Amino acid sequence: MSTSHGYRASWWTNILHQVPHTNFQFEVVDNQFAPQEWPYQQALLFLASIAGLCLAISLILICVYLIRFCCCASQEDDDSKNHRVCCVTWSCVAAVIICCAGIGIGFYGNSETNDGVYQVTYSLMNTNHTLTSINLLVSDTVELLSSVVKSDLTQLEEIFSKRTEFLVMIRNTRRQVESVAQQLAEISFWKGTELNPNVLAEQVNFIEDYRWLAYILLLLLDLIICLFTLLGLAKRIKWLVIVMTVVSFFVLLLSWGSMGLEMATAVGLSDFCSNPDGYVMNQTQMITNINPDILQYYISCNQDVANPFRQRLTTSQRALSNIHSQLHGLEREAVPQFPTAEKNLLAVQGMLNTTEGNFHHLVALLNCRGLHKDYVDALKGLCYDGMEGILFLLLFSFLSALSFTAAVCSLPRAWKRFQNRDLDYDDMDEDDPFNPQESKRFVQWQSSI
């Protein structure tokens, strides 16, 4: 389980994490998230292939039903045919209604997934802003200290060259300034790493845009098929129902395929979300070679993990305090004797004030709470909203696949019974919900009221 403060794996994550992981040899595989390992990839592909098995079963059922329909249709009497037409029509309507309900679920799931991924990208950009601010603040402060050492402190050494006690104080100040610069330079832990959170956020956002668009198109396609199927049944347009039957068959393949992809994604994501800290720490350390203590500090952010920057920050703070004392002593004792040194001492004092302001800002940025909050927000977006959205998309694909399986079985029987619209409809079943005669009587009855 995750030890991150503020994040806890959800119950559906724990349930999916317990799904058996089996490779192609039907051997149990460890359910720890390891997408780079072939056995784990086999386990996810095996789960995705379950949808392929369901597709094969649905195709067999469709074939058996259509064969029976073709062979047994001629043996039915007229009353049985009319009754069956009514049942088939209602079956098609029920399948379309279920599909429409699935489409609504799909739109919600797609939106939830998009919200979760957006939260991840937003957190990555915040993380990049914090890390960039640390690097810029450190580099600016180190550059400022170096410039003071090269200019003002060097000039002060020349001015106090004949006074040993003042020269010793200036050289001590110089060593402490150089020590502060060195300590701060070592704090910039993310500088020069190959992992850029902003680039990663752009890549994730790019992939998510196409994923979101693909699902929107699939949902709209399903909705259009449902509407045109109802139109064809209501108006008894044979060619339209035939076209919708063919299109429904291809969408049936897409539905089972998307279900397999969503099933593998949901299980893989649950494996990650059940214990994200270990995977994130190992991968980040492998790519960036950052000290594991630093990564553990920001990932855990609790009292049990010491601040890895504490010693450097404490040393720098003491050095800045000593520099303050020495500068005050020089202003009090040296300036009356060396008036030309006042300008350089004021410049060093201004540098010291700026450095202390940057130092306090740097301490706030280095605190684990900011980066840890971004990390937890990313986990919540991915493992709460993202996981919930994928599960709703999985339900949509399942309902869509079942609905189109029923439609492909039922629509051929419906279009075969359609009569030419110019013929007499007296022999039609009065209980048929799309009987044109019944609709005509209803319109006449309304006009007479």
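Each Cβ is built from the backbone N, Cα and C atoms, and glycine gets one as well.
Taken straight from Swiss-Prot:
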| type | residues | note |
| --- | --- | --- |
| DISULFID | CYS273-CYS383 | disulfide bond |
| DISULFID | CYS301-CYS368 | disulfide bond |
| CARBOHYD | ASN128 | N-linked glycosylation site |
| CARBOHYD | ASN282 | N-linked glycosylation site |
| CARBOHYD | ASN353 | N-linked glycosylation site |
| SITE | ARG163 | site 'Essential for the formation of the channel-pore' |
| TOPO_DOM | 1-43 | topological domain 'Extracellular' |
| TOPO_DOM | 65-86 | topological domain 'Cytoplasmic' |
| TOPO_DOM | 108-212 | topological domain 'Extracellular' |
| TOPO_DOM | 234-238 | topological domain 'Cytoplasmic' |
| TOPO_DOM | 260-388 | topological domain 'Extracellular' |
| TOPO_DOM | 410-449 | topological domain 'Cytoplasmic' |
| TRANSMEM | 44-64 | transmembrane segment |
| TRANSMEM | 87-107 | transmembrane segment |
| TRANSMEM | 213-233 | transmembrane segment |
| TRANSMEM | 239-259 | transmembrane segment |
| TRANSMEM | 389-409 | transmembrane segment |
Over the topological domain 'Cytoplasmic' (410-449), what is the model's average pLDDT?
55
The transmembrane segment (44-64): which same-chain residues, six or more beyond its ends, come within Cβ distance under 8 Å?
19, 21-24, 252-253, 256-257, 259-261, 263-264, 267-268, 401, 405, 408-409
When the Cα of ARG163 (site 'Essential for the formation of the channel-pore') is compared with the Cα of each of the recorded positions ASN128, CYS273, ASN353, which one is closest?
ASN353
Using a 10 Å cut-off on CB atoms, tell me which of the glycosylation sites ASN128, ASN353 is the least crowded.
ASN353
Taking the Cα atoms as reference points, how far is CYS383 (disulfide bond) from CYS368 (disulfide bond) in Å?
22
The topological domain 'Cytoplasmic' (234-238): DSSP-derived helix, strand, coil residue counts:
3 helix, 0 strand, 2 coil
Could you round the CA separation between CYS368 (disulfide bond) and ASN128 (N-linked glycosylation site) to a whole angstrom and send it over?
14
Count up the helix, strand and coil residues in the topological domain 'Extracellular' (260-388) according to DSSP, in that order.
108 helix, 0 strand, 21 coil
May I ask which of the stretches 87-107, 213-233, 389-409 has the most CB pairs under 8 A with the transmembrane segment (239-259)?
389-409
Whole-number Å only: compute the distance from the Cα of ASN353 (N-linked glycosylation site) to the Cα of ASN282 (N-linked glycosylation site).
40
Give the nonlocal contacts of the transmembrane segment (389-409) in its own chain as ranges (CB under 8 Å, at least six residues past its ends).
12, 54-55, 58, 61-62, 65-66, 91-92, 94-96, 98-99, 101-103, 105-106, 108-116, 215, 219, 222, 225, 229, 244-245, 248-249, 251-252, 255-256, 258-259, 262-263, 265-266, 269
Cα within 10 Å of ASN282 (N-linked glycosylation site) is the criterion; apply it to the recorded positions ASN128, CYS273, CYS301 and give the hits in sequence order.
none
Between ASN128 (N-linked glycosylation site) and CYS301 (disulfide bond), the C-alpha gap once rounded to whole angstrom
18
One should report the C-alpha separation between CYS301 (disulfide bond) and CYS273 (disulfide bond), rounded to whole angstrom, as 18
